[in-house]
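Below is one structure, written out as structure tokens; comments come after it.
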Amino acid sequence: MNFGRGPSVVLNVGGTRYSFSREVLKDFPLRRVSRLHGCLSEQDVLEVCDDYDRERNEYFFDRHSEAFGFIMLYVRHGHLRFVPHMCELSFYNEMIYWGLEGSHLDYCCQRRLDDRMSETCTYYAAEEPSGGPEGKGKGRRPPAAEGRKWLERMRRTFEEPTSSVAAQVLATVSILFVIVSMVVLCASTLPEWRAPENRSVEEQSRYTAESVREPSGIIEAICIGWFTAECIVRFIVSKNKCEFVRRPLNIIDLLAITPYYISVLMTVFTGENSQLQRAGVTLRVLRMMRIFWVIKLARHFIGLQTLGLTLKRCYREMVMLLVFICVAMAIFSALSQLLENGLDLGTKNKDYASIPAACWWVIISMTTVGYGDMCPITVPGRILGGICVVSGIVLLALPITFIYHSFVQCYHELKFRSARYSRSLSAEFLN
């Protein structure tokens, strides 16, 4: 530190003293405390704290001492929670003073803060750092900073639908394109859609010059153009290109866009010869992959985002559920095949001729679907069927509690993030 002497400094927060070395202040997690390291004069120090004792090298902050104690626990252990019997908004005000945000809180406290701020319609703006001389004035920012700010604004516009008015308009347009493309996809499978020209399904899969000029071809090309442009722009403004490619939603975008261009290239290279007939099944599969466009709605609806985040966090419980089902399926399928077909009791049930065939009956029985295409006819087989149904109900219900709690937690996390952007949007309207 350039100002002050001594091997250590003392922070006096509301009467409670904390001693640190100079080097610790340089990279201190609290922004206000770390600013002390760059102070060059006593005047600079008094802009950060409330008072300064040169002899003892002690900095005084007239703030809530107990709240700062909990903030220091976050500095040491990485967990930040509210002080018991203290107003959430008051503690949040202390957090902002020391340079923390609501995202540093644990999820349970984030939900409490979100609910309290929603009730009181309170919005706190984070304090801008002004550690250097360039941060004290209102002069123009350098071109590099303006460029980064523009890229960040573009990124939030495309990635966060509730971050601004432009982002909401863009999200609405994207949703309309998804709906239109799904309507065209569903209508193209109707017999009346191709009846006027008596075209087959293989002919529907061709992207010829005539098909592109049709209304459905024009609509599909426009939708693909919009999705392609959106994906390219989001890739350009992304911070980390490798992370962008690895995101599940971006992979889904590629799976929804790429089949169109592959189908066009296949049609161009194969032409009208017999190779196209052999490729007809592949073309139909590629066209049907447009159904992945529905998953694009997850960018704009918190419910689909909650489902995806829950599945990501509960993969262990899902694997455990699959293990339960597989073990029960192996046991009940072998017993049912033995009781219905293997004992030769005079009545053989041909539906249970093998264990793999009996697995289908076990699945529909454990999930209580019961199509009725297969059913036991012997008394032992029916008793086993009842046990199978009851076991399925119990086994499926065991991991549901963990998945439910994870779903609720994920929903509150995404709701909290959406509420933060909504408050930013409200501030934008006010400005």
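Note: Cβ is positioned from N, Cα and C throughout, glycine not excepted.
According to TrEMBL, the features are:
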DOMAIN    7-116  domain 'BTB'
TRANSMEM  165-190  transmembrane segment
TRANSMEM  217-237  transmembrane segment
TRANSMEM  249-271  transmembrane segment
TRANSMEM  291-311  transmembrane segment
TRANSMEM  318-339  transmembrane segment
TRANSMEM  351-371  transmembrane segment
TRANSMEM  383-407  transmembrane segment
Top Cβ-contact partner of the transmembrane segment (291-311) among 165-190, 217-237, 318-339, 351-371, 383-407 (pairs under 8 Å): 165-190
What average pLDDT is reported by the model for the domain 'BTB' (7-116)? 84
Can you find at least 3 Cβ pairs under 8 Å between the transmembrane segment (383-407) and the transmembrane segment (165-190), where each pair is 6 or more residues apart in sequence? no
Can you count helix, strand and coil residues in the domain 'BTB' (7-116) using DSSP? 57 helix, 21 strand, 32 coil
